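Listed in Swiss-Prot for this protein:
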{"type": "ACT_SITE", "residues": "Asp216", "note": "active site, proton donor"}
{"type": "ACT_SITE", "residues": "Asp242", "note": "active site, nucleophile"}
{"type": "BINDING", "residues": "Gln193, Arg306, Trp308", "note": "substrate binding site"}
{"type": "DISULFID", "residues": "Cys153-Cys164", "note": "disulfide bond"}
{"type": "CARBOHYD", "residues": "Asn179", "note": "N-linked glycosylation site"}
{"type": "CARBOHYD", "residues": "Asn340", "note": "N-linked glycosylation site"}
{"type": "CARBOHYD", "residues": "Asn376", "note": "N-linked glycosylation site"}
{"type": "SIGNAL", "residues": "1-16", "note": "signal peptide"}
{"type": "SITE", "residues": "Gln215", "note": "site 'Transition state stabilizer'"}
Amino acid sequence: MKIIVLLLLAVVLASADQTAPGTASRPILTASESNYFTTATYLQGWSPPSISTSKADYTVGNGYNTIQAAVNAAINTGGTTRKYIKINAGTYQEVVYIPNTKVPLTIYGGGSSPSDTLITLNMPAQTTPSAYKSLVGSLFNSADPAYSMYNSCASKSGTIGTSCSTVFWVKAPAVQIVNLSIENSAKNTGDQQAVALQTNSDQIQIHNARLLGHQDTLYAGSGSSSVERSYYTNTYIEGDIDFVFGGGSAIFESCTFYVKADRRSDTAVVFAPDTDPHKMYGYFVYKSTITGDSAWSSSKKAYLGRAWDSGVSSSSAYVPGTSPNGQLIIKESTIDGIINTSGPWTTATSGRTYSGNNANSRDLNNDNYNRFWEYNNSGNGA
C-alpha cells in the first residue's frame, strides 16, 4: 500500500504544473478545451492512406544514380497512380526537389532502419548562388520537372536564403517519405538557417524518418492561405534554434524532438509556428517526447517555442488579427527536464513579448494572446 501511495504521489507531483487554466506564462487547457484539438481536427477531413513499401517502380542505386533522377522519371510518366521510389541503403550527398505534380510519390529507404539511408548536404542559407550551382547544379537540366525550383535559387543574388537551403523540398501533394534520414549538416556557432526538409503542399506523410540539423531543420508549411497539412509519425527531429517552424497544419504523433547543444548552449527553441491568424490549426504534438542534450538539463535555457512573426519587422508593427499568430498544442506528451518550466515560451521573432491567456473563460483564438497551449503532459519539464 505504501508503494502504491508513493507512486500515486509521484504522478501527481509530476503533473502538478499541468492543472488548468495554468499561469500567464504557461497556460493549460481544460479537458473540455482539449477536445477541440485532436489528430482528427487537425487533419481537417483528410484520411491519410496506408503506407506501403512492398514495391519499387524505381530504385536508386540500381538503375538510377541519384534520387532526383528517379523523381524526374516518376513524374515524367504522368498519370495519377502512385509511384514508389526505393532508395538503397547508403549515403547520398544531393538535394531532392519535388515540384507540384499530380503523380503521388512514395519515397522510402531500403535499409532495415532510417539510419541506413541518409540524404545529406552542407548547405546553409548563407551559401552564395555560385556555390549553390557548384553543389547541386549537375542534378538539373532545363527540361527537368524541378528545374524551375533549382533555377529560382540559382538566380538569386547575394545568398540563397532559408528556403533554398533545403535538402529535401516538397511542393507536390500526397507525398509519402518513409524509413530514411534527411540531414542539413551545416553548422557554425552563430545564426545559420539550414533546412533539412521543407513541405509547401498538402497531405504529406512522414513516417519512421529522421530529420537532422541545427537551426530550421524542418520547415513545415509556407504559411500561405491554402491548406498545407502534414502528418508525422514515429519520426525523430533534432536541432537547436526554431528547428520546427512554418505556417502549415502539422500533426506530430509518437515523435521525438531532440534539442542539441553541440553548436551553441546559450539558448534553444524547439517550435516556431507562423500560423495565419484566421487558421485555427497550426502544430499539434501528441503522445510525443521532447528531450535533449544533458547541457540543457543543468542550464534550463531551452524553450518549447516562440512565435515566428513572419514579415513583421518589430513588435510595434505587429497587428493582432492580421499578423501571423503561431498556433501550437502539446498534448499528452513527455517533456524532459531541459525546459524552463516556469517560462517555457519566449519572445517572438518580431520582439513581441509572449502573452499567455490563463483566464477561466477564454477564447482560444484571441489574437491579443499567443496561441500556445498544453494539456496533460508529464515529465520533469512539464
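Cβ atoms are placed via backbone N, Cα and C, with glycine included.
Positions of the features from Swiss-Prot, shown on the structure.
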| residue | record | Cβ neighbours (10 Å) |
| --- | --- | --- |
| Cys153 | disulfide bond | 22 |
| Cys164 | disulfide bond | 23 |
| Asn179 | N-linked glycosylation site | 24 |
| Gln193 | substrate binding site | 23 |
| Asp216 | active site, proton donor | 31 |
| Asp242 | active site, nucleophile | 25 |
| Arg306 | substrate binding site | 25 |
| Trp308 | substrate binding site | 24 |
| Asn340 | N-linked glycosylation site | 19 |
| Asn376 | N-linked glycosylation site | 16 |
(request) From the recorded positions Gln193, Asp216, Asp242, Arg306, Trp308, pick the residue whose C-alpha lies nearest to the C-alpha of Cys153 (disulfide bond). (result) Gln193
(request) For Gln215 (site 'Transition state stabilizer'), just count the other CB atoms lying within 10 A of its CB, please. (result) 28
(message) Around the substrate site formed by Gln193, Arg306, Trp308, which additional residues qualify by having Cβ within 8 Å of the site's Cβ center?
(response) Asp216, Ile241, Asp242, Phe245, Val269, Ala272, Asp274, Thr349
(request) May I ask which of the recorded positions Gln215, Asp216, Asn340 is closest to Asn376 (N-linked glycosylation site) if we compare their C-alpha atoms? (result) Asn340
(request) Between the Cα atoms of Asp242 (active site, nucleophile) and Trp308 (substrate binding site), find the distance and write it as a whole number of Å. (result) 9
(message) Around Gln215 (site 'Transition state stabilizer'), which of the listed recorded positions (Cys164, Asn179, Gln193, Arg306, Trp308, Asn340) come within 10 Å, judging by Cα atoms?
(response) Gln193
(message) Looking only at Gln193, Arg306, Trp308, which the record lists for substrate, tell me the maximum pairwise CA distance in angstrom.
(response) 16
